[in-house]
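Enquirer: Here you go, one structure.
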């Protein structure tokens, strides 16, 4: 039900956005209409800010994000387009009203589904995202070639099915939450892993909550920066092209091909490679290529523009998929509200997009007219310089972040080198004895289920990279759990941990 509901929602949402409620026959790459996009961006920014504020202050608790209201808003937009209500409005209102409906509805449903995903284990989260996005491709591919009225009718039906899936999933999540509250005295090894997000706000101080969110955003930092940079780059280039009346055949198909390519690569990594790459690594590979291709963009053919646009959009959608997984994983492992993490990510991304759209459009229309070839090329080159600067700054950030983390790993592992040779002596040889010993220490130290699981790997001498691959999480997440384990058990080195397990 999670895969079906999530996939149908994303498919319908993507089709509605790229076609601006079927008013744009061939969407121009990423931006269907400048005014419509600015309205949607502002709506998403406001709704995300409200959701983050309510969740941060504890007024928006776990499993309370509405799904009926946003589904009704999206249905209202589709029905208004189908019945011709939008066409009867003045031109500005004809894009303002559906843009507001789309923005508000998509924010609430996105927060609803990210909470659903975060209720699963990381290995299940990545599979749900991959299969859900495959369904998204199927739905978008089926809807996009249909006539406008058929698109809207089909979208209404699929939204209703997605709403029914959301109702079923919400019931299941609430039942699981009640089960956790009823059995909260059971041993760690027997409890389910989903602790209600509101427990963090009720049992800890504001300072502790701030620390938990700070650590979560630090873990997501380089990934979010890459996402924001790509969002701004896409907004700049597309708005400048629209302002300069630049167009080429196949621009509508570029977006669909980029989405398909990103999802295929994501599924290959998930189901074949069985690991999640770091966004910083992806960005260090892709951004220099994009920067090099940008230099020649004004002078080469439309086919070259197609290749560049496909690579740019494919990189964006691939990073967006990784961001979705990382946010759900961080919320699940750190027991923080996914509303805050996803709300901040969506809000800041749309701020970057709105600023880029308006800046690019202003630069595109400033100076000479659209027919002035020299003026147009010079303005294009100015935009390229700005984009290259953004890409270079992102690369500098990733390089500094990588060096800092390597230094931290070296300083953290240095005191433990002497413990490597004693692992075979300290750790019990029988697995059952080791598991029982770790479970006992975990109960006494108040470790969570995930921390207790990692404790067993640490006792066996496994590295952080090995644990990350085994549990299908990032090394940053493992590193954070290890710090929590050391803090709760009042140990500082691997040797002290092994000595504690021997007692």
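Using N, Cα and C of the backbone, Cβ positions are placed for all residues, glycine too.
According to TrEMBL:
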type	residues	note
TRANSMEM	34-55	transmembrane segment
TRANSMEM	67-87	transmembrane segment
TRANSMEM	93-113	transmembrane segment
TRANSMEM	125-144	transmembrane segment
TRANSMEM	150-169	transmembrane segment
TRANSMEM	224-246	transmembrane segment
TRANSMEM	252-273	transmembrane segment
TRANSMEM	285-301	transmembrane segment
TRANSMEM	307-327	transmembrane segment
TRANSMEM	339-358	transmembrane segment
TRANSMEM	378-398	transmembrane segment
DOMAIN	440-503	domain 'HTH luxR-type'
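Provide an account of the burial state, proximal residues and distances for the features listed.
Expert: A Cβ distance under 8 Å defines the sequence-distant neighbours of the transmembrane segment (34-55), meaning residues of its chain 6+ beyond its ends; these are 17, 20, 65, 92, 95-96, 98-100, 102-104, 106-108, 111, 239, 242, 337, 339-340, 343-344, 346-347, 350-351, 353-354, 357-358, 361.
With a threshold of 8 Å between CB atoms, the same-chain residues lying at least 6 positions outside the transmembrane segment (67-87) that come near it are 12-13, 16, 21-23, 94, 97-98, 101-102, 104-109, 112, 148-149, 152-153, 155-156, 159-160, 162-163, 166-167, 170.
Among residues of the same chain six or more beyond the transmembrane segment (150-169), those with a C-beta under 8 A of the stretch's C-beta atoms are 1-2, 4-5, 8-9, 11-12, 15-16, 19, 21-22, 67-68, 71, 74-75, 78-79, 81-82, 109, 112-113, 116, 139, 142-144.
Under 8 Å from some Cβ of the transmembrane segment (307-327) lie the Cβ atoms of residues 29-30, 114, 117-118, 125-126, 129, 133, 219-220, 223-224, 226-227, 230-231, 233-234, 237, 251, 254-255, 257-259, 261-263, 265-266, 276-277, 279, 282-283, 286, 289-290, 293-294, 297, 338, 341-342, 345, 474, all in the same chain and six or more residues away from its ends.
Across the domain 'HTH luxR-type' (440-503), DSSP classifies residues as 49 helix, 0 strand, 15 coil.
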Enquirer: Other than its close neighbours in sequence, what residues sit by the transmembrane segment (125-144), given a CB gap under 8 Å and a spacing of at least six beyond its ends?
Expert: 2-4, 6-8, 10-12, 14-15, 18-19, 117-118, 151, 154-155, 158, 256, 259-260, 263, 266-267, 270-271, 276, 321, 324-325, 328-329, 332, 472
Enquirer: Against which stretches of its own chain does the transmembrane segment (252-273) lie, if we need a Cβ under 8 Å and a gap of at least six residues from its ends?
Expert: 14, 18, 26-30, 126-127, 129-130, 133-134, 136-137, 140-141, 144, 306, 309-310, 312-318, 320-322
Enquirer: I'd like to know the mean pLDDT over the domain 'HTH luxR-type' (440-503).
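Expert: Summarising the domain 'HTH luxR-type' (440-503) by its mean pLDDT gives 81.
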